[in-house]
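Here is the structure we will look at, set down as structure tokens.
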Amino acid sequence: MASTFNPRECKLSKKEGQNYGFFLRIEKDTDGHLVRVIEEGSPAEKAGLLDGDRVLRINGVFVDKEEHAQVVDLVRKSGNSVTLLVLDGDSYEKAVKHQVDLKELDQSPREPALNEKKPDLGMNGGVETCAQPRLCYLVKEGNSFGFSLKTIQGKKGVFLTDITPQGVAMKAGVLADDHLIEVNGENVENASHEEVVEKVTKSGSRIMFLLVDKETARCHSEQKTPFKRETASLKLLPHQPRVVVIKKGSNGYGFYLRAGPEQKGQIIKDIEPGSPAEAAGLKNNDLVVAVNGESVEALDHDGVVEMIRNGGDQTTLLVLDKEADRIYSLARFSPLLYCQSQELPNGSVKEAPAPISAPLEAPGSATTEDVGDHKPKLCRLIKEDDSYGFHLNAIRGQPGSFVKEVQQGGPADKAGLENEDIIIEVNGENVQDEPYDRVVERIKSSGEHVTLLVCGKVAYSYFQAKKIPILSSLADPLVAGPDAKGETEHDSAESTKDSSHPARDRTLSAASHSSSNSEDTVM
């Protein structure tokens, strides 16, 4: 029965600030997410969308049974291009009536017709260049990673399917029908479905996948070339190695190097305030992986010290914090591969931004010195006298909230919050597009302490202009204080949600309950 239904793949592209030119809606007594009111000459019309079409998949993710608000959100967050798999209205209603599994429609790649040419994408000297495999790091939320595993008759390997919209897998960069190459650094290309399921189950709450999308898998299959793990893209990993270039001062570099009793290798300790090490971005408990471009993982303490001394008045260190070390160890990848994939400017600290729900290229025009001058801030506030010591303000009818009237000496002031700081995250959840009341509710429900990711106006404008997502990984990590209740230096709230939103003009009005154009709450 399923073979009698023919969904259509419609690829829509629009310019910045333009609409796709159609309405996506639900209607009473009508199943599915409907396409309506297609504008003449719009991207929707050009892509072949028809009135009454039902949307089955968005960018490969099955959405027919999802909440309508989530489906709309997926389209909006796709940027300036989106791929929709749709079924015409009559066929959809027949499929529902006959209880056809809509997930199974158009699951296998369509073969080109005899008179149809394959697209010449990624061609280099007449040979198609296959895209990179990619590492995806998943941390379970609740009891689910947000995907299912499947095998396809006649195809070798195990594939990922049923990707939950805005779930763990999607946020980590997993795509529908991805071919699974490795689980936690172990190749599973020849493993059975049951063996892969067992490996995933035994992984616990954290797992690392090496994946290729279906087009990349097809490319390698046609060229009969194996996947090379050393070519994998690392940009989706939430914590990355850092390259730190330090120039020696009059009193040396300003840090101690120690062999870690609990952590392997040589660990950075006791960084002196105001020292060259602190200024260069070195952190306590960083693990040293390479010195001046050479791996030191196999050297003892004296050997690493000697290499640093041999650098003269300047040394370059490749370091990992504890979480980055944990991630790369799980993947069984050398951090040196990260260096090989980066173009590092001289005399800078390179910190890669964390991923969002889809791969993002770092803007080529932004130098690391620029980013270092425009950092968001992680602020952990401990309530005093039932107050956080600041007002929250917003422009009525517009998304986004910002800080006003920070009380001197209050919790907000102590945590580093400043007037007109823009709220990006509350306890790791991105709130840039949330209504004012919802942000207030999140902060109030936090109890005695709350962690905010905020950005000053100048830094916010910089990130928006450069199209750099504002993520907590760009901020300096929180340091555990006497009231931190056992949290470690690296226990900071991380968000994988897309926060690359267009800059919004704001009139930063004074906090007032009676203002006609703003909303304000004492926190």
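The chain as shown is numbered from 1 upward.
Backbone N, Cα and C define each Cβ position, glycine as well.
Sequence annotations record features per position, and here Swiss-Prot assigns domain 'PDZ 1' to 9-90 based on sequence analysis.
What Swiss-Prot records for 128-215 is domain 'PDZ 2'.
Sequence-distant contacts of SER148 (phosphoserine), defined by Cβ-Cβ distance under 8 angstroms and a gap of at least six in the same chain, are LEU160, THR161, ASP162. Classification of SER148 (phosphoserine) by DSSP places it within a strand. The annotation phosphoserine is assigned in Swiss-Prot to SER148 (among others).
Residues annotated as phosphoserine in Swiss-Prot: SER192 (among others). A C-beta separation below 8 Å, combined with a sequence spacing of at least six in one chain, links SER192 (phosphoserine) to none of the other residues.
Using a 10 Å radius centred on the Cβ of SER250 (phosphoserine) and all shown protein chains, the other Cβ atoms total 5. Marked as phosphoserine by Swiss-Prot on the basis of similarity to another entry: SER250 (among others).
Following the DSSP three-state reduction, the secondary structure of SER334 (phosphoserine) is coil. Long-range Cβ neighbours of SER334 (phosphoserine) (same chain, at least 6 residues apart, Cβ-Cβ under 8 Å): SER295, TYR328. Taken from Swiss-Prot, the feature phosphoserine covers SER334 (among others).
Marked as domain 'PDZ 4' by Swiss-Prot: 378-458.
If you look up Swiss-Prot, you'll see 479-523 marked as region 'Disordered'.
Residues or ranges marked as compositional bias 'Basic and acidic residues' by Swiss-Prot: 484-507.
The phosphoserine feature in Swiss-Prot is assigned to SER492 (among others).
Taken from Swiss-Prot, the feature phosphoserine applies to SER495 (among others), supported by similarity to another entry.
Annotation comment: Swiss-Prot describes THR507 (among others) as phosphothreonine.
The compositional bias 'Low complexity' feature in Swiss-Prot is assigned to 509-523.
Look at Swiss-Prot and you will find SER512 (among others) tagged as phosphoserine.
The phosphoserine annotation in Swiss-Prot covers SER514 (among others) and is backed by similarity to another entry.
Taken from Swiss-Prot, the feature phosphoserine applies to SER515 (among others), supported by similarity to another entry.
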